[in-house]
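Listed in TrEMBL:
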- A:51-163: domain 'Ferric oxidoreductase' (DOMAIN)
- A:12-33: transmembrane segment (TRANSMEM)
- A:53-71: transmembrane segment (TRANSMEM)
- A:78-98: transmembrane segment (TRANSMEM)
- A:118-134: transmembrane segment (TRANSMEM)
- A:154-173: transmembrane segment (TRANSMEM)
- A:179-198: transmembrane segment (TRANSMEM)
Amino acid sequence: MAIEGVNRGLRRVPVAVVWVAGLVPLLLLGLQAALDGLGVDPVKALERQLGKLALQFLVLGLLITPLRRLAGLDLLRFRRAIGLLAAGYAFLHLLVWLGLDMQFQVGQILRDIARRPYLVAGVISLVLLVPLAVTSTDRAMRRMGPLKWRRLHLLVYPAALLGAFHYMLLVKGRPPEPLIYAMVIVVLLVLRILRVWVRRPSRA
Amino acid sequence: ALRAEAHRSPYSTDEPPNSLDQITRFNNFYEFGPDKEDPVRHAGALTTDPWAVVIDGLVERPGRYDLADVLSGRVLEERIYRLRCVEGWSMVIPWIGFELRGLLARVGVQPSARYVAFETLLRPEEMPAQRTGLLDWPYREGLRLDEAMHPLTLLATGLYGETLPNQNGAPLRLVVPWKYGFKSIKSIVRITLTEELPVTTWNRMDPSEYGFYANVNPEVDHPRWSQASERRIGGGFFAPRIPTEMFNGYGEEVGTLYAGMDLRVNY
C-alpha cells in the first residue's frame, strides 16, 4: 500500500530532477577544481572522483530492476538519465586520463593500454557503454524492438563488472572500497541470473 | 631549530623543492590509510616520544637505543632529494637527516652481514589501518649492505628545517633517493643486520610487481604503471609529464652498485 503511494508520488517527479541531481557532483568537482580544493594532486583527484561517479551511477542503474521486482518500487522512468550520467562520467574520466594525466602522449597511452590489464578492463568497459548510450533514445528503442534492445542493454552487466575490476586492479594493497563495488555488482548480477532462471518455466 | 645545525650538501639537487604543504598533505603511509590525505588526517595521534630503535642481528653492539642515543654524535645535513613514487608521481623534498652509514659504523657491522632489514612501528591503537588487512603488518623494508652504506642513503629526522611531521615518518625514516618511494620506510623501530635477503612487505605481497631492489628505472615497466615518465606534483592541471631518469637521476653516484647485474631480473 505504502509503496503505491510512493510510486504515485514518483510519477509526478520530472526526469529533469534526476539530471540536475546527477550533475551536482560534476558542478562540485568543477568548483573544487577552480578553487584549488582538490588537494595536492588535483589531476588524480579529478580522475578518481569521475571514475567513482561512473561506477556509482552504473550501480544505481542496475538497482532499478531488482528494486521494482523485490520492493515494487517503480523508478524505471529515471533509468535512462541514470545510465547516461554513468556513461557521461565514464567518458569524462577517460578524457581526464588522456588529457590531463597522460598529456595526450599517444605513444605511451597505446603502449600502456596494450600492457596493463587494468587499462584493458577500463577501456572495454567504456567501449561497451557506447552502444548503450547511442541506443538510449526512444527512436532507437522503437527501431530495435524491445527484445533486441533489452538484450543489447544486458551489456551493462559486463561493463559494470569490468569497471569494478578496473578499480580493483589499480589500487595498491587491499583497500576495501573497490571490493565493495565489485561485490555489489556481482550480487545484482546474481539476482538477475536467478530471476531469469526462475521465470523460464512460466515462459514455456 | 634543526636548520641551524644542518649543513648544506653537495648531494642536494638545485631543483625547486615542493612546498611544505604539498609534502605534508600528500603521503603514502598505509598505516594511516590508503588515501593520500589519510596520513595528514590521522597521524597526529602517533606518539613519537619516547621512541626507541632496536638495532640487532650481525652487529657488534646490539641493543635497544633511545632515539636521543641514536642521534647523538650524528651530523645533521639538509639533503634536497628527488622522490619518485612507483605510482608515477614525483616530488622534490628538502630532508634533514644523517647518513645511515655513520650509525651503522657506530654500532659495528659484523663481517658476515650482507643486508640491512628495517621495520616500522606496529601500534594499531595509534595507526588505524593496522587494524585492517590493508597490508601485512608491520611494514618491512631492506637494503643490501653496500646500498645502506652509500653516502646518499639517509636517515631523516626533519623536513624544511623543522622536526619531521608524523605523516612523513617521524621521528626517524629512511630516504633512498634512487629507489621508488616505498623503499624509504617510515617511523623505524628496528634495524637488523642479516646475512640473508630480508623479507620486504610489498615484495612479499606481490613479488611480480615489487622487487627487492626497486631502483627507479624508466626501462623496466611495472606491470601496472609505465615508469617511462612521471608527473611532478605541484604543477597544477596542465603540467607536462617529465621523462623519468635512470636511478631517479642518481646514476652517477649509485650506478656502480649494480654493475654487471641484469636490472630486468633484479627489479
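Here the Cβ of each residue, glycine as well, is placed from N, Cα and C on the backbone.
Here the transmembrane segment (A:53-71) has Cβ contacts under 8 Å with residues 3, 22, 25-26, 78-79, 82-83, 85-87, 89-90, 93, 156-157, 159-160, 163-164, 167, 181, 184-185, 188, 191-192, 195 of the same chain, all six or more residues outside its ends. Long-range contacts of the transmembrane segment (A:179-198) within its own chain (CB-CB distance under 8 A, at least 6 residues past either end) are made by residues 55, 58-59, 62-63, 65-66, 69, 157, 160-161, 163-165, 167-168. In the predicted model, residues of the domain 'Ferric oxidoreductase' (A:51-163) average a pLDDT of 96.
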